[in-house]
Each structure stands twice: as structure tokens, then as C-alpha cells.
Amino acid sequence: MSSAARPAEMGKEKEPQKKMPVLQMVLKGVLLFMLPQLLLMVVNGPVDGNGDETSGYWGPKTASVNWCERDYVVTHYIAEFANSLTSLIICAFGIYGMYAHQGAVELRYQVAFAFFVVVGLGSVAFHGTLLRSMQLLDELPMVWGNAIFIYICRTMHDEVGHVRYLECAILFLATLMATLAIIRFDSDNQNVFLVCYGSGVVYLVQQSHGFSALSSPNSSAQMLFTMAMIAYSSGFSLWLVDRNFCTSARWLYLHTFWHFGAGFGTFCAVLQWIMVRCQVLQRKSRLQGGLVTWWVEMPQK
């Protein structure tokens, strides 16, 4: 091979890494646009359906936030029926993920799917009762789930069976401190929770974007990252509208779409991490199933 041909081939090899798909650039801009809104919400406090004084089976509402859905409309026993029902979608993604990848992935990925179920059940308890204690069962698993996700990203290039004990200890202590802060300071608002959970999401998006650069532009892992960004950012946008424009948008039940967007988006992210992990370990993997029922097949050698 001539020396003149080598630079041209090297340039062709590097070109896909330099190009960022237009869609990813747009989604990255959307996230950057939404972050200041999140910070503004933290400063201003909740703007939501706190004016709904309807009472039911669970007694006075003690949660620091009351979402836009009318309370105790469908039944005397469930405060927010639609929000409670759609929380089960999050559980479904977790159960499906555990079943579809049973015996095929490392333990931390199964724990990640298990946290979908914990978060979903906590969300059902919170929306069904609007009690502060049940609110903590919704919010705290989201923070602890992020810790699991962060550990997955941090260990992406480690050998099978290797455990980062120091990082486990640091993550545990940091999450424990966040837990205590949320319990202590969030009795009247969600500020500490929003900061703790939101900062974890931003870190995970950055890591996932970095992993997408390891894959070819048309790969399944790249597609999963894009779908995760679309679903999560769309759900978060509707969450913002539902929270801040309750009077005008109450009839749309937008918080229910947040449950699907966050659940499906996070599910796609975990699938992306599994495929990237297979690539790191030089294991074959294929994305199987259809939209919403995807799973990663890892053929035996």
C-alpha cells in the first residue's frame, strides 16, 4: 500500500467520529435548554395542583407536592388514579428487562432492572395516597437507582468480576447523604431531590453520549441512545408543562406521559449500556423484538 493512500484511509476512518448526527445535536440543545428551567423551578418552588383540597381514604395530604390530576375522582381509595395506574408501566419495563436478560448479563444490570420495579411501586404508593412517607418511597429509589446506573457506566471497561470497592463506598455514602438531606430539608418542596436526581441524570446522559461514540453511526446501540434521549426529554418537557401550567393543561394528564417517557427512555439507556458492554467484552449482541419490547440477545459462542 502506498504512503499516499494511507492518510486518505486514516481520514476516512476518523470521519464518522467527528460527525455528530444532527438529531443528537438537537437533543443536546433541548437538554441544555431544559436545565435552566429545572434550576428556575428549584428557586421558585412548586407551581402545581396544590389547591386541590379533595380528601379521601388516606386522609390529609402530607406530600410536599400535589400533581395536576384531580384527586379522588375515580375512587375514594386512590388519590390520583391515572398517575397511579401509569406508574405500573415503569414496573413492567423492569420485569420485562429482568426476564428477557435472565442469566445473560452481569448482576448490576439485573439490579438496574429491579430498581424499575421499586421506583414504579413507590410511584404507585405516592400518587395513590399523596402522603409524605409514600413520596419518599417514590423519590429515594430514583436517587438510589441513579447510583446503580452511575456504577454501571463507571465500570463499563472493567474485567468481568472486577468490583470497584472504593467507588462503591463513595457512591453509597454520597447517596446516603442525599437521602438524609431529602428527608430533612424537602418537607415543603422538592428542591434537594430535584438537584440530587437531576445532577445524576445529567451525568448519565453525558456518559451515554460518550458510549455512543464507540459505536458505528447506524448501530443498534446508537439508535437506543437516540431513542432514550427522545423519550426522556419528551417526557420531561411534558412534566414541566403539567407542573407549571396546571390550570390550562389539567385535562391532558401530562404527568402520565412522563411515566412512559422516563420509563422507556431509561429502559433504552440500560439496553444501550448492555450492548456497549458486549462490545467491550468482544461478545456478539443483537437487538431483538420491536418498539417497547426490545431486548439484547447474546448468542453463545
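Note: Cβ is positioned from N, Cα and C throughout, glycine not excepted.
No curator has checked TrEMBL annotations; they are predicted automatically.
Record check, TrEMBL: Zn(2+) site residues include H255, H259, and the candidate from H76, H101, H127 also listed there is H127. Counting in whole angstrom, E69 (Ca(2+) binding site) lies 14 from H259 (Zn(2+) binding site) by their C-alpha atoms. Checked against E80 (Ca(2+) binding site) by C-alpha proximity, the binding-site residues H127, H255, H259 yield H127 as the nearest. As a quick check, the transmembrane segment (191-211) and the transmembrane segment (111-130) miss the bar of 3 or more Cβ pairs under 8 A, pairs 6 or more apart, so the two do not touch. Long-range contacts of the transmembrane segment (165-185) within the same chain, counting only residues at least 6 positions beyond its ends with a Cβ under 8 Å from a Cβ of the stretch, are 136, 139-140, 143-144, 147, 150-151, 154, 191-193, 196. Cβ neighbour counts within 10 Å, taken over all protein chains shown, single out H127 as the most crowded of the binding-site residues H127, H255, H259.
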